[in-house]
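Structure first, commentary second.
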Amino acid sequence: MTELTGLFVEKPLNNVVAVAGADITFIARVDSTTLTRKPTMKWLKGKWLDLGSKAGKHMQFKETYDRNTKVCVCLFDLILFYAGGYRCEVTAKDKCDSSVFEKICLILLTLNSFHTHRDAGEDDGDLDFSALLKAAKKKKRPEEPEIDVWELLKNAHPSEYEKIAFQYGITDLRGMLKRLKKMKAVPIKHTEAFLKKLDSCYSVHKGKKIVLTCEVVDPNVQVKWLKNGQEIKPSAKYVMEANGNIRTLTINKTTLADDAAYECVVGEDKCFTEVFVKEPPITITKLMDDYHVVVGERVEFEIEVSEEGAHVMWSDVELHKDKDSKFRFKKDGKKHTLIIQEATLDDIGMYHAWTNGGHTKGELEVEEKELEVLQDIADLTVRATDQAVFKCEVSDDKVTGKWFKDGAEVLPSSRHKMTHIGRFHRLVIDDVKPEDAGDYTFVPDGYALSLSAKLNFLEIKIDYVPRQDPPKIHLDTTGNMVSQNTIIVVAGNKLRLDVEISGEPAPTVWFKNRDVPELPSHNKFDVCQPITDTEGRVRVESRKDLSCFVIEGAERDDEGNYTIIVTNPAGEDKAVLFVKIVDVPDAPEDVRCTSVGEDSAAILWNPPKFDGGAPVKGYLMERKKKGSSRWTKLNFDVYESTTYEAKRMIEGVLYEMRVFAVNSIGLSPPSLTSKPFMPIAPTSEPMRLTVHDVTDNSCSLKWLIPEKIGAGGLDGYIIEYCKGGGTEWVVANKEICERQGFVVRGLPVGEKINFRVVAVNMAGRSPPATLQQPVTIQHPKIRLPRELRTKYIRKVGDKVNLTIPFQGKPRPVATWFKDGQPVDTKLVSVRNSNVDTILFIRAAEREHSGTYELLLQIENLEDRATIEIRIVDKPGPPLNVRVTDVWGFNAALEWEPPKDDGNCEITGYTIQKADQKTKEWFTVYEHNRRSNCTASDLIMGNEYMFRVYSENFCGLSEEPRLQCKRNPYKEKDMSCMPKFTQPLIDRSVLAGYSTAISCAVKGFPKPKIVWMKNRRIIGEDPKFLMQNNQGVLTLNIRKPSTFDGGKYSCMAVNELGQDEVECKLDVRGKDSGEESKGGRRVGREE
């Protein structure tokens, strides 16, 4: 927390008393010499009401700013009686200040009658315009002697304050009471709730934490915190704490939104404060570069600042105000750019950029464009009525120009035509006349340059030749001749060879060129081809006794042997000339940095492919920082070697190099810029090299970056391996690995492999990081559980969950097949992990049966496992069950096996019989393996039914029925009422031991049996089990207690009547039983 910075030079007056209706002006002066820009000033009434929106007839604001003294003056004119508390607030980017003052208005009016005025209310920032309207309507009476109202109020009783205020027209009762308190110098009392209030204001930097602290009287009281009148809820940002009498509000990671007024409320008492959030200074992270351009080029001064949306001021503030300025300003996130579309000479100078926390500058140098002449105008000699064409070529295709003849401009006409196509400018003169002869000049617009040539008019005269002389060539071996018959021409220059010829009649001249072994086969001119063109770059101009061979802008392909042949009827003569074209050498090639040191670098390059026809004398080197446009020369004397050690460099800064070759003609073009390099030493070794994963033919390695990297950074890593015990290291990665991890593939299976990792940067390789022990490569393997190696059988509806563990890294690809086809994921669920695979069937069906195969693959290696799954169900019923024979008390049965065996073997058959009368089934045979049997112990004369179940692993099949009739006989009426043939017997049992009571009953139809205890029917109590076996009735009582004792009765009921028997069950406790046994034992001992 910091105090507010004092910015006010002059604060508004406080406690100003003014007469209602009069004007008053408040003046505030602010010193902004320490600020980056003019501050913002606000006038407020009360605590929050901004008066800027209330400006008008009754409130006027005026603000001036002196640029020399940087003092801001703000005037506030207040009219009529707007009494209350006011505040002037000054804010800047990282500073703020405020001043509070009050105005008290008195209305000195004589009233005709007594009027009751409404209280002005709380000073909450609202303006009372109703009082203004009422006062405007009243008429003023003649002035009366002034009465000192404050002396009157000071001596009056507080109960008289309101009456005096009404009498003298004081509407602001609250302001009046405040002034009286100050006049009476009443000592300030502490509030009942707070021992120590919040500070008047707090200041904090954006993003930092601030703590608001106050002290309350009651340590158990609950407080509320408000922000701009809204209650603050506890959160990670707002932390409220209570420690004894201390109450704190902590605001974490403050933002501009936290710049507000805060209150701490205890009941009806409050304390206030204001928090001002300062923004951190904006720094410039990327400085401005210098520019060196030519006229008309685009210039972009670019900088980067630390935060987005920051304010940047360029060079002069006036740049922002000129709407028609050619300067453009661009913002893109943190990037700020000053753009000059087309630079002129007036733009030369230093450009500045400011933020509130930084400054940078860059210099702009502008040069005039240099126009290069690629092809000069050639002199022409033409005959009458021929066409003359002057042609030139310049480097800029946008340059225009004018043609002049003997200083006068040539205007277009029917015979004079001027064209401009690309870089070529032509003047065509049709039907040449003698008056067209003269000097012609082409002047490019905007350049102090002119190209001139002469037009000669040739008159043809026929003379009589009385005699004939053989032709003779007279060569001048001086001038360009370096040796006999050899001419050296600098590339780009013009060659004009004048050859004197004698002979009568005038000989015919041919220039031919011959191929030279040293020249490339793609020479521009064919071997021994005559040169007869009188126009163009290579041409022949003939005059009397003189022949001129001209090459405009000599090129390398023009080099070679040229033959001059002159003939006439009297003979022939020849001369051979060798034209050698010399030029500046080509640029050196493949400039590269081979090694770097802490402040030096070794540079190597290849000589130029073509030395320009003259030996290369040496080289000149230049370097610059990457991103800069300024090249610095490293040597001023020619350096002969192709290696150079650049010194006095800054460690950690990226540099680029270029090289020039020098021969006797001049300086070559610069070479291609080398790759950026940085003077720095190699890094330390990578740290914590570990094996992350191992597969059948690969190994995954991980490591951490080197502990010491340096300013040059880190280009990447090289991973190498060798077999255990070997010394030959093999590089695993073709390209430098930039991550801290790599998978080495193609490793031999079963071998022990050593690995090492080397960090690489511009300075070279670091020391290697190695593993302590070698790594062994293994095959993928399926670990099939023992229970799955045989047939796996489950019933229909059961859940199938097979978990098959395996080994292999990286994660093997597990694929399931059923009967040779991939499994249907709609019927079977498969889940794979790094260590196992799960085959899951929620509810098995018959169609899930089959042979399942698991395929485990890691690239080219694989492992397989086969599992046979059989899902079984209950078999179908036997077929064609029949009685084949009946004799005596026996019946022979036969049947056929079921059509559906339930997908497993039939283990046997179960045969049951039932009397047609009782319809109770009894088992005759179980697990009968054959498909026939004999049922014995039948009662003659009864009719029987038989049923046969087929049985397998899942159980019994459904039941078929068969009836078998004995010989007919007369049935006896067996109907009788129920009668117990064996009664219930009283019993005495020991508690905790299960017991049973039994009786026998007969009756037809079969009676219904009801068991009762103490005349209450025994229901479905699980403690009691009631059985009826062929009329023998049994009631089983499970572990009876003493409460189970009593009278038990059994009632049999049918449609003919009922019968009942009864017994008494006595249940003895365990203790009594032991005592009785003990008594008997003692008696025996006696």
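Easy rule for this one: first residue shown is 1, then count along the chain.
Cβ atoms here come from the backbone N, Cα and C positions, even for glycine.
Just so you know, TrEMBL annotations never went through curation; they're auto-generated.
Helix, strand and coil residue tallies for the domain 'Ig-like' (187-283), in that order: 3 helix, 50 strand, 44 coil [DSSP]. Summarising the annotation, TrEMBL assigns domain 'Ig-like' to 187-283 (among others).
Per TrEMBL, domain 'Ig-like' is recorded for 369-441 (among others). Computed over the domain 'Ig-like' (369-441), the whole-number mean pLDDT of the model equals 87.
Taken from TrEMBL, the feature domain 'Fibronectin type-III' covers 587-683 (among others). Helix first, then strand, then coil: DSSP counts for the domain 'Fibronectin type-III' (587-683) stand at 0 helix, 42 strand, 55 coil.
The annotation domain 'Fibronectin type-III' is assigned in TrEMBL to 685-780 (among others).
Annotated domain 'Ig-like' per TrEMBL: 780-868 (among others), in sequence order.
Per TrEMBL, domain 'Fibronectin type-III' is recorded for 877-970 (among others).
Taken from TrEMBL, the feature domain 'Ig-like' applies to 978-1066 (among others).
Taken from TrEMBL, the feature region 'Disordered' covers 1067-1086.
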Helix, strand and coil counts within the domain 'Fibronectin type-III' (685-780) (DSSP): 0 helix, 45 strand, 51 coil
